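What Swiss-Prot says about this one:
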| type | residues | note |
| --- | --- | --- |
| SIGNAL | 1-23 | signal peptide |
| DOMAIN | 160-473 | domain 'Peptidase M14' |
| BINDING | H219, A220, R221, E222, R281, N306, R307, S362, Y363 | substrate binding site |
| BINDING | H219, E222, H361 | Zn(2+) binding site |
| ACT_SITE | E437 | active site, proton donor/acceptor |
| DISULFID | C621-C657 | disulfide bond |
| DISULFID | C628-C650 | disulfide bond |
| DISULFID | C639-C654 | disulfide bond |
Amino acid sequence: MRYLCKSILLAVHTILLVGSVCCSTDVHNTDDKYALIHVSAHDEQSLHLIKQLQLNDFKYDLDFWKSPSSISDKADIMVKRGKSERMLRQILSFANVTVSMSVPDVEKLIMRNEGTTSKSHLGFGSLSKWLHDDPILDSEPDLDLTKVGALKKAKYPFGDYASYADMVKYMRTIEFYYPRIAKIVRIGATHEGKPIEGLKIGARSSHKKRAVWVDGNIHAREWASSHTALYFINQLVSEYGKDAQITNYVDTLDFYIVPCLNPDGYEYTRTSPIPTVRLWRKNRSPELCRPSLWGGEKCCRGVDLNRNFRFHWAERGSSYEPCSNIYHGEEVFSEPETRAVRNFLATPEMKDRVDAFVTLHSYAQLWIYPYSHEEQNYPEDIGELRKTARKAINRLSRVYGTNYRMGTGADTLSPAAGGSDDWAKSALNVKYVYLIELRPQMELSNGFILHKKELIPTAVETFEGFREVVDAVLTLNNSTSSIGLSSGSNTSRKTISDLQMRKQQYRMRLLASQAAGSTTRSTTTLKTSTTSVSTTSEATSPSKTSRHFDRFTADLNSSTRARPTPPMAPPIMSPSTEFSTTTTEEEDVTGVIRSSSIASRATTYGFFTATKPSAFLDPECRDMRYSCGFWLKNNKQVCEEQQSFMRAQCAYTCKFCTSFIKRH
């Protein structure tokens, strides 16, 4: 098997790399297109091949968004369109690996989900208003900004992607106006001299309190993680003195929340929607060069920070090659960002105080506990970790119905050594350690490009799950824990209307019922993105960085202190429809989307049907898209050809509803 895999890898290497340019260069051809494909193995041999491809991703210009954990489990791979994609498909097909298109043009997905009219929030601005997909047909929006606690002075654009300077300004403003419970902590600086800052939230006490650590954005491209961490900050501060349980949290514990551990990488991903920039994973450490197989040298920069901690470092799930996305660094704690975490948690202020360590990532909807360096390897207190994790995902699901799975990273994804969560458990002996992979679930195609409409719902539900971890810490220390969702939490299920819950449950029931019976067609297929469910269960600044920090501070001070709260946003459930075909390689996926794109928020939406059907008021018989009538008009057979998709999205128009049949 090894010989065959090596032969296949050599063939891929020869085909894909002749004449290619090193993946590390920061000069990109804006005409290049990248696709996201799903691949799944059918035996151990093909699974081994996929994993070997990931370890050698830099050789083949591949970007693994998600690794396969087992046979039939899908991997998500971003690959350059054209020759690279065709040849990779041929090789994988020969190795008995199923390949299917997920996103034909990743850059268009980026612009559709993350484009904004505010250049201060997102570097590449709004270039694709017409690319927006149709919203779900709802009489009222699912997104409720009232779930974001109001702070009189400190404002942050929740529901949008903002700059690192905006994050720091927001935290500093909170410290200024809420000094009794909030204090800025600077744990270190990056390669480029940016400060790594977080917020300590806790009421003053005469004794040393137990602590909870939360971090986000250790991987540059995982934007939703920092937004969620900032929401944690907002809720703990805004609800202090209002919500009895949160007041108890802040009085009893100290929370240390660092929203962005990788500011250099995060800011780099904001500079362009080009996939190789937006999907950058590592930090921005200086270039390292290695001899090239084709002569000369390959020079690449960046280290995967979540492979750089001292826990079975460099053993599995990482690479010695600087050009790899999972490069673990020259040595353990080689990076200023990881040293900053280590050194701060070893200070007298923090040593032996931390009872919970939560690190936020995306994506897959997973609640992960140690250990992740190898399969079926667990800490001694695994029972308590599982019990709390189960409570957390159950509580999370009661908010919007989003289902998470739980397990170790090795058991649910694939083995990966050198992670911060495993290090916190083994080296710091933290009791409750969790890595949370946020929305979307693994089966959906948006991946890291989470639509802005889903940011607040993601944060709201994750905070509810996080509260179970805090309750466990309080119980561990014999303190009064939260009395739960049913007893008055401000973000409890009670804040969600019955209509909203019915809509969420209806969507999930339809999608879940169709998932098991879906089949692959050789004709054009529709692939849909929804929010729904899983089917299962030393911190020193390097020399010559002062000028970078001065420039960063100048940028910070030049912007206004507070940003107004954004207006009511559209519905959170925003499926993205992608068209793909096995016969036409360069098909323009925007053909139908352009015809049915939505207008601006201030515009009244129209229907392709003559009137708004009264049956839409019946949650058992309704269309979920504006475009159902348009699709049927342009293809009379679409209901039969795309039955699974159309049954879920256009039940009324296609006359799939039992209530429709009874009336007619």
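Including glycine, each Cβ sits where the backbone N, Cα and C put it.
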Can you see whether DSSP assigns E222 (Zn(2+) binding site) to helix, strand or coil?
coil
Give the mean pLDDT for the domain 'Peptidase M14' (160-473) on the 0 to 100 scale.
95
Other CB atoms, at most 10 A from the CB of H219 (substrate binding site)
24
Nonlocal neighbours by CB distance (under 8 Å) for R221 (substrate binding site), same chain, sequence gap 6 or more
G265, T269, R278, L279, W280, R281, F448
Recorded positions near Y363 (substrate binding site) (Cα-Cα within 10 Å), from E222, E437, C628, C650, C654:
E222, E437
Around the Zn(2+) site (H219, E222, H361), what further same-chain residues have their C-beta within 8 angstroms of the site's C-beta centre?
G216, N217, I218, R221, S225, R281, N306, L360, S362, F448
If you measure from the CA of C639 (disulfide bond) out to 10 Å, which recorded positions from the list H219, E222, R307, H361, C650, C657 are inside that radius?
C650
Could you round the CA separation between H219 (substrate binding site) and C654 (disulfide bond) to a whole angstrom and send it over?
43
List every residue in the same chain as R307 (substrate binding site), at least 6 positions away in sequence, whose Cβ is under 8 Å from its Cβ.
W313, A314, G317, S318, I326, Y327, H328, G329, A416, A417, G418, G419
